[in-house]
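Colleague: Here's the feature list from Swiss-Prot:
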type	residues	note
ACT_SITE	Cys101	active site, nucleophile
ACT_SITE	Cys198	active site, cysteine persulfide intermediate
BINDING	Ala10, Ile11, Ser12, Gly13, Gly14, Val15, Asp16, Ser17, Met36, Gly126	ATP binding site
DISULFID	Cys101-Cys198	disulfide bond
SITE	His127	site 'Interaction with tRNA'
SITE	Gln343	site 'Interaction with tRNA'
Amino acid sequence: MNKKKKVIIAISGGVDSSVSAWFLKKSGYHVEGVFMKNWEEINSSIKCTFKKDLKDAQIVCDQIGININIVNFSEQYWNKVFKIFLREYKIGNTPNPDILCNKEIKFKYFLNFAIKEMQADYIATGHYVRKINFNGKSQLFSAFDLKKDQSYFLHQINYKELSKCIFPIGNILKSKVRYIASKLNLITSKKRDSTGICFIGNKNFNKFIKNYLHDDPGLIFSTEKKQIGTHKGLMYYTIGQRKGLNIKKIYYNCHDPWYVVDKKIDKNYLIVSQGKNNPYLMSTSIIIIETNWIDQIYLKNPIKCMVKTRYRQNSTLCLVIPIDKKSIEVIFYKPISSVAPGQYAVFYLLDRCLGGGIIKSRKLVIDK
């Protein structure tokens, strides 16, 4: 008699991981859940949704009929994710902690814990992505439900890690996930999807970040070098942002809103310009560092592919030119708006995610 394959699923207390767990058990795997605690509520004014999510996870595992384990990765999260998050904000970048969390916590610490400590054959998550064997390696592909596709957030893992992963809902629509959860009467069937940064929860970002970084107010200048306001601290703004600038109407040259187009870290200046498609927002190329190729084969020659420089963005055609093993230049066939250093550029060939890296710098339309 063949022994059942053991799968440890990351149970978050949400509908996606709940239905994923049900699919796995229905498919005949020996399934156990792990609820990861990645954040310690040191400051009582900062409430994460940990307790509510844990309770929902425990109830849903009981409904499905699987055991649940609680594993604390908060120390690893602090050192490998949150410290980097703070460091990047401090120097004016716009980091993405969810990508770091997937890279360092879910698909490294959790994966190793499940395989070594729990003798699992695989781990599973409720991510909307697909894993397909391609050229003899496990590769990452966009989800069937493109509106929910999360391959952008998983591009930092590699084919070896992918080979140990199962994504049960990558081939179905989100609406069907909700439908299945409702038919099973799972407690999470009507639970809202989590949004924003996990350790902030429903709290205001500005209030949260003040607990860790000091405000450093400064001046706002237009691209014409005219002082037109003050800012609360560069860490509160990102390239392409239009809300929260509070620029007085007397400084408007037209009806177009003001947008953040640059940060002068050395002088603590915030630079703004009017119009969504103004040349100070439009980039023709970018430099990427810490590039990860999922198949772990480094580029030797330029390739033409599609790229996203932020999650909710249509991919655009580009030419990728290798500089060294971890650095590349990306030339856009058409200029794109609001590229933010510190964010990630992620590359695709059709629906296959090739990998990506951190945006170090950009070349604007106006640059010679």
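Using N, Cα and C of the backbone, Cβ positions are placed for all residues, glycine too.
What's the neighbourhood like for these features in this structure?
Modeller: DSSP assigns Cys101 (active site, nucleophile) to a helical segment in the three-state reduction. Around the Cβ of Cys101 (active site, nucleophile), 23 further Cβ atoms fall within 10 Å across all displayed protein chains.
Taking all protein chains in view, 24 other C-beta atoms sit within 10 angstroms of the C-beta of Ala10 (ATP binding site).
His127 (site 'Interaction with tRNA') falls outside any helix or strand according to DSSP and counts as coil.
Around the Cβ of Gln343 (site 'Interaction with tRNA'), the number of neighbouring Cβ atoms within 10 Å comes to 23.
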Colleague: Could you tell me which of these recorded positions, Ser12, Gly14, Asp16, His127, has the fewest other Cβ atoms within 10 Å of its Cβ?
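Modeller: If we count Cβ atoms within 10 Å for the recorded positions Ser12, Gly14, Asp16, His127, the smallest count is at Gly14.
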Colleague: Expressed to the nearest Å, what is the distance separating Cys101 (active site, nucleophile) and Gln343 (site 'Interaction with tRNA') at their Cα atoms?
Modeller: 14
Colleague: Just to verify a number: CA distance, His127 (site 'Interaction with tRNA') to Met36 (ATP binding site), in angstrom, no decimals.
Modeller: 15
Colleague: For Met36 (ATP binding site), list the number of other Cβ atoms lying within 10 Å of its Cβ atom.
Modeller: 23
Colleague: DSSP secondary structure for Met36 (ATP binding site), reduced to helix/strand/coil, please.
Modeller: strand
